[in-house]
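Annotated features, as they stand in TrEMBL:
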- GLU94: active site, proton acceptor (ACT_SITE)
- 100-334: domain 'Radical SAM core' (DOMAIN)
- CYS114, CYS118, CYS121: [4Fe-4S] cluster binding site (BINDING)
- GLY165, GLU166, SER197, SER220, LEU221, HIS222, ASN296: S-adenosyl-L-methionine binding site (BINDING)
- CYS339: active site, S-methylcysteine intermediate (ACT_SITE)
Amino acid sequence: MEIKKKDIRALTKEQLREFFVKQGDKAFRGNQVYEWLWQKSAHSFEDMTNISLDTRQMLQDNFVINHIKVDQMQRSSDGTIKNAVRLHDDLIVESVLIPTATRTTACVSSQVGCSLDCKFCATARLKRMRNLNPDEIYDQVVAIDNESRLYHNRPLSNIVFMGMGEPLMNYNNVLKAIDKITSPEGLGMSPKRIVVSTSGVPKMIKKMADDEVKFKLAVSLHSAIDEVRTSIMPFNATFPLSDLREALQYWYAKTKNRITYEYVVWDGINDKRKDVDALVEFCKFAPSKVNLIEYNPIDDGEFQQANSRALDMYVDVLEANNITVTVRRSRGKDIDAACGQLANKG
Ligand code: SAH
């Protein structure tokens with residue numbers, strides 16, 4: 001019977017050092033291998049050229065490197081790239097590279113599918129299969145960084161956790177991945193360039209504040225009226241806006257980090273004056289700004305983007321109340337790479 005080999009990247013650096021000491025080798029060997037695994041993103045033990053052949057063979061006998069594989073890459077006419085990423089157990093997630101004049105952003109997935117049931121999101125139809133491991137999240141970033149250098153002649157500059165899944169329902173692994181992304185032993189990126197987007201899980205937002213995380217927080221609000229929000233994001237019945245508000249106030253008090261609210265305006269759902277007024281009130285609870293996102297239609301046409309009059313009203317009323325608002329244009333729609341369109345359609 002074949003023994004199931006352990007995923008070597010599940011080990012911390014300290015554990016790797018201890019492993020080598022137990023093998024009668026030097027702890028330092030652990031540092032070297034760790035560097036190959038993370039900083040140099042080695043796909044196999046054979047790549048580790050400063051490690052002796054015997055040691056490489058010993059590692060091969062004991063461990064696997066479950067590296068992701070970019071199965072399919074699609075490039076949009078606007079420069080957006082979508083990767084279909086195959087995991088070691090053959091499940092697929094998607095990640096997206098979004099170039100603008102000044103930055104390249106990676107939009108990465110945190111789960112295979114999603115357990116939430118947002119009515120307007122294509123990923124919701126997939127159901128949640130499993131959480132991604134820290135290395136699977138990290139590898140998506142490395143793959144996009146490589147593509148950014150190759151196709152746009154510059155390194156990746158920003159990361160948003162806005163792909164498949166709810167990052168705060170895979171909190172520990174997301175945090176471990178971000179640790180690697182920001183560590184000099186990984187990609188050495190600034191946490192200020194990372195945004196974790198959540199549908200709003202109050203107790204996890206508080207936990208993030210307690211953990212004093214340094215990345216930014218975005219909340220997919222879409223409505224500041226409980227009844228409306230519950231109708232499009234059913235889990236709002238369990239975590240109502242009052243709980244979300246309290247958690248966000250706690251977040252700001254602890255981190256002093258302004259919150260971004262992501263918001264789509266839909267025809268007949270949240271396009272009235274009362275909807276904007278409720279949003280203005282909600283924005284007053286903690287320093288924040290509003291990102292109005294363009295709706296990316298998913299198959300059945302149940303939801304439609306509100307007309308530009310409604311959008312203008314939002315912008316006018318928010319600005320009149322001194323709330324920063326930006327209108328974000330969608331990217332990569334022609335390859336189903338835009339927000340909420342990730343559903344493994346290929
Ligand atoms: N679960 C997390 C991250 C994934 S969704 C969250 O809810 O924030 C990333 C963003 O895309 C969220 O703001 C989400 O509300 C938005 N989104 C989902 N479906 C969309 C669609 N069809 N069009 C535009 N934005 C969408």
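Note: Cβ is positioned from N, Cα and C throughout, glycine not excepted.
Values in this document were obtained by computation on a predicted structure and should not be read as measured data.
Recorded features from TrEMBL, shown on the structure.
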residue	record	contacts (Cβ under 8 Å, 6+ apart)
CYS114	[4Fe-4S] cluster binding site	CYS121, THR123, ALA124, LEU126, LYS127, ARG128, MET164, GLY165, GLU166
SER197	S-adenosyl-L-methionine binding site	VAL160, PHE161, MET162, PRO167, ALA218, VAL219, SER220, GLU262
LEU221	S-adenosyl-L-methionine binding site	GLY200, ARG229, TYR261, GLU262, TYR263, LEU279, PHE282
HIS222	S-adenosyl-L-methionine binding site	ARG229, ILE232, MET233, GLU262, TYR263, VAL264, ASN270
For the binding-site residues CYS118, CYS121, the one whose C-beta sees the most other C-beta atoms within 10 angstroms: CYS121
C-alpha spacing of ASN296 (S-adenosyl-L-methionine binding site) relative to CYS118 ([4Fe-4S] cluster binding site), in angstrom: 14
Inter-residue C-alpha distance, GLU94 (active site, proton acceptor) and ASN296 (S-adenosyl-L-methionine binding site) (nearest angstrom): 16
Neighbouring C-beta atoms (10 Å sphere around the C-beta of SER220 (S-adenosyl-L-methionine binding site)): 24
Assigned element (helix, strand, coil) containing SER220 (S-adenosyl-L-methionine binding site), judged by DSSP: strand
For the domain 'Radical SAM core' (100-334), mean pLDDT (0 to 100): 95
Fewest-neighbour residue among recorded positions, criterion Cβ within 10 Å, set GLU94, GLU166, ASN296: ASN296
